[in-house]
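These features come from TrEMBL:
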- 21-39: transmembrane segment (TRANSMEM)
- 45-67: transmembrane segment (TRANSMEM)
- 74-94: transmembrane segment (TRANSMEM)
- 114-132: transmembrane segment (TRANSMEM)
- 139-158: transmembrane segment (TRANSMEM)
- 178-198: transmembrane segment (TRANSMEM)
- 210-230: transmembrane segment (TRANSMEM)
- 236-259: transmembrane segment (TRANSMEM)
Amino acid sequence: KCAHLRLVFQAELKPYYTSKLWWCGITLLGLGEVGNFAAYGFAPIALVAPLGCVSVIGSAFISVFFLKKTMRTADILGGTLTVTGIYLLVTFVPNVPQELTARQVQNYLVSWPFLVYSILEIIVFCILLYFYKRKAVKHIVVLLTMVALLASLTVVAVKAVSSMITLSVKGKMQLSYSVFYIMIVLMATSCAFQVKFLTQAMHLYEATAVVPVNFVFFTTSAIISGVIFYREFQSAALLSVFMFLFGCLLSFLGVFIIARNKKEEHLQIPFIDCGHIPGQKLTGKIQPDSHSSCYGTLNKEDGLEKSQN
């Protein structure tokens, strides 16, 4: 965002991918995703998935320094609730073994709880897909529910792949098993379709609505899949489960408060003085199309119409 804002006010218009700052941001984003991937190999899904709220609070506070935004009371309150929720999540997360072998993953894949869960998930997804394709129902809940259903498969596959790679690095080779490559295909496929439906939601609705709803749906589906596939709460005490769920609730509430009433900010494109354009004698000012793919330009049709007038 910072790179795009800088490009708007430059005298010479350049594509965003020529900006070193933009590439710096993309590199940091990639490193963050690598770290997120690796985390699934060392911690339960029930902990890693909810901790995604850290990015929401981080964005709210870092934007004050880099984008010169104003810190709101809602940001402070939401951040406080989210940090409290994170503390409860880390404290009461289920203590389960994290080293998963390929044979364990194979056993989990054919276990009856996961088979029943998979069948129900496929049925629900097909029903939602029918309404999406045939009835053109593109409500935010429909789109993000499909994203969440796919995400439950993604986190299961990501944890399996990450755990098997971690064991292989330690000397216990797991990459010779076919289940490793099955999980890679499942991870890539589910991620690709997630991007498709999430992009559709971002196109139709504001990010301030999509981000918190997607976070809640994704986290819920990830925790459920971790409970069913990896049996993460199998031996957990009732108090620990309650406090963990309470921590999730606080995190959800904090994210919604941070995103609430936060307006979408479009890039501010400066006005063009027609008096300085060759062939124009107008003294008024025209605002360029803010949705144009080029910074500070007018549509050709608009320019022709103005010349004729």
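Glycine is no exception: its Cβ is also placed from the backbone N, Cα and C atoms.
Counting Cβ pairs under 8 Å that are 6 or more residues apart, the transmembrane segment (74-94) and the transmembrane segment (178-198) reach fewer than 3 and are not in contact. Fewer than three CB pairs closer than 8 A are found between the transmembrane segment (114-132) and the transmembrane segment (236-259), and contact between the two stretches is not assigned (pairs 6 or more residues apart).
By the count of Cβ pairs under 8 Å, the stretch nearest in packing to the transmembrane segment (21-39) among 45-67, 139-158, 178-198, 236-259 is 45-67. Within the chain, the transmembrane segment (45-67) has long-range Cβ neighbours (under 8 A, six or more residues past its boundaries) at 1-2, 5, 32, 36, 39, 75, 78-79, 82-83, 85-86, 89-90, 93-94, 155-156, 159, 211-212, 215, 218-219, 222-223, 225-227, 230, 232-233, 244, 247-248, 251, 254-255, 258-259.
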